[in-house]
């Protein structure tokens, strides 16, 4: 009898585990918004930034499946953090489609920061969607090949078995920013910085770079108006670009793109290595979190993002990052 009960319990657990995991990953964790709190310990020359609060969001991927309740939750949480500067590091939409323009505008207009809201574009934010193809090359992805299920299998195959080197397809040309998205941004608090710099009241530089996959990453142009006597924040959607910025100024780089990745196994180590490859990065170790580059006196923060082409997450909840600037004599 006891053996029978034990077997029944074991079978129930075996059958229930995948169902519960599916429910968690599809319906619960995608709505578990988390705030990551970081401190930027300032050198004396940047002491004037003491107390400044910078909030970063990324990878909203707004589409018809994004719940209004989630957007309101994000907006309320950002407001509660009282940011002085708010930055958005790209991928406003999914696969170059502005599916719900009024919802996007309403959400962005609900966000405010006294020193300004700034944004760069991600690889989904151009007139044509650009990502890795089945061969691992960076290329435009047609509407047929960007269908969710097909794209998911392609991404998994490419991430695990194809090259992750940042190689462009021979036919890929620089892509233009999505005109519909750009038009919407003009009517929101966000200033789009596309290979441009802005200086805030002789306090800090904000640099926004074009997306690397879209062949619009142009740091030489972006830093033209950079004030080298002031600290700098750099917005670059793809964290792989950190190694292309070694010859340029700037103290903190904010990125996204990887989503964490959305399905992440933090342990054991080999499982974490495999799931990090799902980020599609050339440097998968940069899939999430804070990184320090002492030789350049630079920090990189890679945000897990808010959404995705599919709202599924496991051990990688959606994220808002708050960075506080602190100077201690």
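Glycine too: its Cβ is placed from the backbone N, Cα and C atoms.
Values in this document were obtained by computation on a predicted structure and should not be read as measured data.
Taken from Swiss-Prot, the feature transmembrane segment applies to 2-24.
The Cβ of residue 59 (divalent metal cation 1 binding site) has 89, 90, 91, 122, 256, 257, 259, 303, 304, 305, 306, 307, 308 as same-chain neighbours under 8 Å, each 6 or more residues away in sequence. Residues annotated as divalent metal cation 1 binding site in Swiss-Prot: 59, 61, 91, 259.
Residues annotated as divalent metal cation 2 binding site in Swiss-Prot, with similarity to another entry given as evidence: 91, 123, 257. In the three-state DSSP scheme, residue 257 (divalent metal cation 2 binding site) falls into the coil class.
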Task: Check: same-chain CB within 8 A of divalent metal cation 1 site center, minus 59, 61, 91, 259 - done: 58, 60, 90, 122, 124, 256, 257, 305, 306, 307, 308, 309
TODO: Using the centroid of the Cβ atoms of 91, 123, 257 as reference, list every other same-chain residue with Cβ within 8 Å of it (recorded divalent metal cation 2 site), in sequence order.
DONE: 59, 90, 122, 124, 125, 211, 213, 237, 238, 256
Open item on the list: Please give me the CB contact count at 10 A for residue 123 (divalent metal cation 2 binding site), counting all chains in the structure.
Closed with: 25
Open item on the list: I'd like the number of other C-beta atoms within 10 A of the C-beta of residue 259 (divalent metal cation 1 binding site), please.
Closed with: 29
